[in-house]
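Asks: Would you mind keeping the following structure in view while I ask a few things?
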Amino acid sequence: MGYYSLTEITAVQYAKDHGYFEAKANVVCHEIGDGNLNYVFKLDDGEKSIIIKQALPYAKVVGESWPLSIKRATIESKALQIFAQYVPDYVPAVYSHDEELAITVIEDLSRLTITRKGLIGGEEYPLLSQHIGRFLAHVLFYTSDFGLQSEEKRVLEGTFVNPDLCKITEDLVFTDPFGHYDTNDYEPDLQLVVDELWSDKTLKLKVAQYKYKFLTRKETLIHGDLHTGSIFSSPSETKVIDPEFATYGPFGFDIGQFIANLLLNALSREEEKRSVLFFHIEKTWSYFVETFTKLWIGEGVEVYTKEKQWLPIILQNIFTDAVGFAGCELIRRTIGLAHVADLDEIENKETRIQAKKQALSLGKELIKYESKSADIQLFRTLFQQTVSGGVKA
């Protein structure tokens with residue numbers, strides 16, 4: 001039959017045909033996706049529920065003028081299954097994958113809340129940083145040359161060649177926000193600040209280096225889009241979703257993206273309500289380092305992991321990259337194609353514009369920063385130096 005796009009009606013029929021529900025079951029189906037690239041359906045018969053996710057052959061946010069390969073659905077499914085090998089508690093269960101229709105049937109996580117939405121609403125998620133730090137340490141270690149035999153890593157790397165989605169990252173994170181491109185999207189009130197950013201040659205030289213790292217450093221399997229909208233949370237659970245951007249890339253990329261999105265939420269808050277975000281930023285790194293170090297010592301397969309002075313060098317390199325990647329993410333989420341609700345939903349226009357100017361300034365500082373030690377307090381320090389006051393209540 002070939003590929004076709006599901007509707008709420010055909011999604012129910014697909015689920016019944018594949019044994020998820022009885023033929024006579026009264027299944028309620030709603031399209032719940034709010035992302036840019038896929039359809040997401042929730043199906044529930046009152047006793048059990050599932051999620052059906054289908055990749056579209058184009059970017060939903062733009063339309064059919066932006067074609068995309070549906071093979072990204074297979075990459076996403078494989079990534080979730082690999083993550084589950086190392087950190088099953090931190091990803092949804094994958095029930096099945098249909099490569100022809102680009103459909104993945106996965107666990108319903110409706111008991112949880114999208115982390116971005118929860119943080120905007122004032123939730124604190126006390127275990128978020130512990131869970132994400134450990135998730136990152138396990139996945140990044142075990143899919144790298146440190147935790148995987150080199151020949152196995154090369155085979156795995158080949159299964160995550162993801163040109164369409166990598167091109168989106170190359171353009172929307174590292175290129176378009178730093179020049180005159182049609183994809184950019186920002187308020188006219190930001191034009192002077194944007195012009196200054198675009199004319200900053202020192203900044204562009206640093207961004208060029210971070211883009212080159214993303215293009216060339218195939219160090220480990222990265223999620224590729226690890227922001228707070230790609231995580232479900234509750235006070236006791238954390239689940240990472242949507243790794244359709246998964247590819248082999250730099251160790252620091254996912255860490256930087258996650259931290260940047262916590263910073264974006266901090267920018268949207270009153271000053272006295274920001275401390276929980278810095279707690280999570282700092283604890284994410286400390287849990288990552290603690291877990292990565294244990295794995296390095298106990299599970300390392302690369303012979304030189306026995307050299308005691310190498311691990312600090314690796315961690316310093318990861319941290320340096322994370323700082324720069326965080327800066328790029330701050331800028332692209334402020335003036336690029338895909339914004340974040342943390343800033344866009346600030347009701348007062350003057351306050352919103354000020355927060356976005358601060359995001360751009362902080363992004364520039366992070367990109368330009370020359371870190372000499374892996375001091376996670378850096379994010380708090382640069383934030384305080386760059387941002388004065390907070391959003392007014």
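Yeah, the Cβs are placed from backbone N, Cα and C, and that goes for glycine too.
Per Swiss-Prot, the feature ATP binding site maps to N38, K53, E107, D108, L109, D242, P243, E244. Residues or ranges marked as substrate binding site by Swiss-Prot: D225, R332.
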Asks: If you skip the near sequence neighbours and keep only those at least six away, which residues in the chain come within under 8 angstroms of K53 (ATP binding site), Cβ to Cβ?
Replies: G33, N38, Y39, V40, F41, A73, E76, I103, T104, V105, I106
Asks: Report, in whole Å, the straight Cα-to-Cα distance of D225 (substrate binding site) from D108 (ATP binding site).
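Replies: Computed Cα spacing between D108 (ATP binding site) and D225 (substrate binding site) is 20 Å.
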Asks: Using a 10 Å radius around its CB, how many other CB atoms surround D108 (ATP binding site)?
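Replies: Taking every protein chain into account, the count is 15.
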Asks: Here's one to test understanding: among the binding-site residues E107, L109, E244, whose C-alpha is closest in space to the C-alpha of D225 (substrate binding site)?
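Replies: Result: the closest of the binding-site residues to D225 (substrate binding site) is E244.
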Asks: Can you check which residue among the binding-site residues E107, D242 has the largest number of Cβ atoms within 10 Å of its own?
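Replies: Counting every other Cβ within 10 Å of each candidate, the maximum falls on D242.
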Asks: Return one of helix, strand or coil for D108 (ATP binding site), based on DSSP.
Replies: coil
Asks: Please name the residue among the binding-site residues D225, E244 whose C-beta has the most neighbouring C-beta atoms within 10 angstroms.
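Replies: Max Cβ neighbours within 10 Å, all protein chains included: E244.
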Asks: Would you work out the biggest C-alpha to C-alpha distance among N38, K53, E107, D108, L109, D242, P243, E244, the residues that bind ATP according to the record, and give it in angstrom as a whole number?
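Replies: Farthest Cα pair among residues binding ATP: 18 Å.
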Asks: Whole-number Å only: compute the distance from the Cα of E107 (ATP binding site) to the Cα of R332 (substrate binding site).
Replies: 31
Asks: Distance between E244 (ATP binding site) and R332 (substrate binding site) at the Cα atoms, whole Å?
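Replies: Here the two Cα atoms lie 19 Å apart.
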